[in-house]
Amino acid sequence: MKLSPRELDHLVLCQAGGVAQKRLARGLRLNHPETVALVSTVLMELVRDGKNSVVELMQLGGTMLGFRQVMPGVPDMVHEVQIEATFPDGTKLITVHNPIRAENGDLSLALYGSGLSSPAQDEFPTEETTATTSYAPGEILVQPGEIVLNEEKEGIQLRVTNKGDRAIQVGSHYHFIETNPMLEFDRKRSLGFRLNIIAGTAIRFEPGEAKVVPLVKINGRRVIQGGHGLVDGECIDDVDPDVILSKATSLGFLNHEEVDESIVKAVSASRVSRDAYVQIFGPTKGDKVHLGDTGLIAVVERDLCAEEYYGDEVKFGGGKVIRDGMGQCSTNYSSSSSPDLVFTNALVVDWSGIFKADVGVKGGRIVAIGKAGNPDIMDEVHPKLIITPCTEIISAEGKILTAGGVDTHVHYICPQVADEALASGVTTLYGGGTGPASGTNATTCTSGKWNIKMMLESTDMWPLNFGFSGKGNASEQESLKEQILAGASGLKLHEDWGTTPKAIDTCLTVADEFDVQISIHTDTLNESGFVEQTIAAFKGRTIHSYHTEGAGGGHAPDIISVVEKPNVLPSSTNPTRPYTVNTVDEHLDMLMVCHHLDSSIPEDVSFAESRIRAETIQAEDLLHDMGALSMISSDSQAMGRVGESIIRTWQTASKMKCQLGQLPEEPFQEADNLRIKRYVSKYTINPAITHGMAKHVGSVEVGKLADLCLWDPRFFGAKPELVVKGGAIVLAQMGDPNASIPTPEPVLARRMFGGGNSMSIAFVSKVSLPTVKGYRISKNIQPVTNCRSISKSDLKWNSKQPQMTVDPETFQVTADGQLLRCEPVKTNPLAQKYFLF
């Protein structure tokens, strides 16, 4: 067959398309990947037939499926479908814009080549019966009104005529005096001015066309660079306009002195609708964004890109702002004084706020958050966000930027968990294990110095930050110290190794000596005592309580009561997030496999059954929403899903909004900023604080490693567009590598060039640094810090400590006297609409 890589890629696309055709033939409404795959597959088959042109196929692609054949919200998620396929005259690009256009599609065409019979149209519902929210996925809710551009800046108008024989288009930030010599206007008056239009747009002059255009004076240091070099790097305040005009006319530039002062001075404020502005730069202050299909609404609190005035925003592209002498500065700047990378116009969603900003990265770390651009012509440019020829740009207009996820409950059962984690938006993994050994399948322990060294070296190739927990179950200190000295950045107490009060006390004593965190999976059996005895063994010392609800393990039935303690940093693992109609039923077999239990032994079955309680799982939902449970992690392949911590965090937030409404303390009307900040903290900053990593990861803050995820709002929480690790793109939604552009199908989450080991961190104990530096590791080795002096009050938006009770007979949970009860949900957002399987 001699298949090329692109043929194998398209074979996967056609397999997905075949699955979609089968589902459609059964009368199922298609989700996002199914819709894209089906349209793409049928188009490729029609190309193979060789009977249709590109234009004809572009039209046919919009007739296959209708609104009734796809799930609610899918038409808003599929704005276009692109493929490249081999026509009789070679490979060509087909673009289908808005492929869902009518109520019903041509089902015989949709099933073309499958051999399947078409279902009747009446098998598909006429109403959007499965919609989870009234908003479209990722919808931007724009505030009414207008935006004033370059407010209070000096402006004029000039009459401009194109005397040439070809069209001329002038961008917003092109220095007007330097424009095409065949444009005739008063060049002397134009010195130091540019077009007063939306940044990144342009005005076009057809041959012979005359227009009166608005101009605004440049800001900043008022230095003109680029163009034809008429001014050539001088400040407009220091040059003689007559000299510049003489130079221009001598070089053949047309000039016409404007004598009609009524034109020059008749300047009105330049205004644009907020809708038009948002189309170009994404939402600004006061606008709202629907996160995926969750029903959660984020309102932009601040816009640092235009905090002082609108009109000087930066935007990359042909004829846009970031060009030499315009948005890009060329005045004596080099790579030593400019960022390596700038995210432009990003909507940052972080524990610290929900705000619009340009985010600069240098040397793999965030150096500034504010306004980027060229201080020669712009005001308020952050001194560390000066864009130069040494700066790369990621256009984040209309996108959401978050910190990479921090998963602090990872069983290193197989190396492929790293791929799944990265594709979900997680960039830091902490846990334990050595591969699919029985101990690792059940516990997050990398036991002993040899295994710790082996795992630090084995994971050096992966573009993620790693940390390892040694085994903490010991009554004497020597073996625990040995593991910390070997590079463990924490220790894990697990009931499968015997989490007795003596082991707890010993482990915490060693942790206090070496400033590392302890994670605990307590005694489900209540063999050594109840939860009270375990709490007593803590002696007020800080500890991370894993799967605090208890289904993942811990004192039955009341381990959840530890959320009231100031020294306990509580987390959940993701299978119980959120409480759904199938949550309880899936858990028993999950637990039996994970903990090496035997279904023929009654005591093993009783042990398993004691951990699965609907009452505590529903209480877990409510404790998360009030901020009493502080973190969410995966428990990967050991009663947890490594690629779903972020998804399930937002599903929980969505469920709580649906059942409880807006939080009473929310400061914005018809928005969920407080709830969003609370939930994003659960998988970013709070686990980073808990495990001593917050100096480096966990938030979008200056000084931290540029571990960042860029999301299309339609897919927020489910599938990131880009994952940036240490300032380099390591994963992206990327199309056909052979295609003429990067967007034709199949678009897959693919590994990118980034991922050099220096872009990631190996987290170890401080005391182990001399030892670990002798290992075969090229990652940046950093110690965990400040693990022992923290308490629950240090955790962002999730520090509530309600007084808890758990009834040992009914398992009913109360917090501050309130019974914690909520219903399971039958459907969740970020679920079947987004995933093929």
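Note: Cβ is positioned from N, Cα and C throughout, glycine not excepted.
In TrEMBL this protein carries:
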ACT_SITE  His595  active site, proton donor
BINDING   His409, His411, Lys492, Asp635  Ni(2+) 1 binding site
BINDING   Lys492, His521, His547  Ni(2+) 2 binding site
BINDING   His494  substrate binding site
DOMAIN    404-837  domain 'Urease'
MOD_RES   Lys492  N6-carboxylysine
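On the structure: features taken from TrEMBL.
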residue : record                    : Cβ neighbours (10 Å)
His409  : Ni(2+) 1 binding site     : 33
His411  : Ni(2+) 1 binding site     : 26
Lys492  : Ni(2+) 1 binding site     : 30
His494  : substrate binding site    : 25
His521  : Ni(2+) 2 binding site     : 24
His547  : Ni(2+) 2 binding site     : 27
His595  : active site, proton donor : 22
Asp635  : Ni(2+) 1 binding site     : 28
What other residues of the same chain, not counting His409, His411, Lys492, Asp635, have a CB atom within 8 A of the CB centroid of the Ni(2+) 1 site?
Val410, Gly431, Gly432, Thr443, Thr444, Ser519, His521, Tyr546, Thr573, Ser633, Ser634, Ser636, Ala638, Gly640
Restricting attention to the domain 'Urease' (404-837), give the mean pLDDT.
96
Using an 8 Å cut-off from the Cβ centroid of Lys492, His521, His547, can you name the remaining same-chain residues around the Ni(2+) 2 site, in sequence order?
His409, Thr443, Thr444, Leu493, His494, Glu495, Ser519, Ile520, Thr522, Tyr546, Gly552, Gly553, Gly554
His547 (Ni(2+) 2 binding site): which of the recorded positions His409, His411, His595 is the nearest Cα neighbour?
His409
Recorded positions near the residue listed as 'substrate binding site', in sequence order, restricted to His409, His411, His595, Asp635 and a 10 Å Cα cut-off:
none
Given the recorded positions His411, His595, Asp635, tell me which ones have a C-alpha lying within 10 Å of the C-alpha of His521 (Ni(2+) 2 binding site).
none
Is His547 (Ni(2+) 2 binding site) helix, strand or coil when read with DSSP?
coil
C-alpha of His409 (Ni(2+) 1 binding site) to C-alpha of His595 (active site, proton donor): distance in Å?
16
What whole-number Å value do you get for the CA-CA distance of Lys492 (Ni(2+) 1 binding site) and His595 (active site, proton donor)?
16
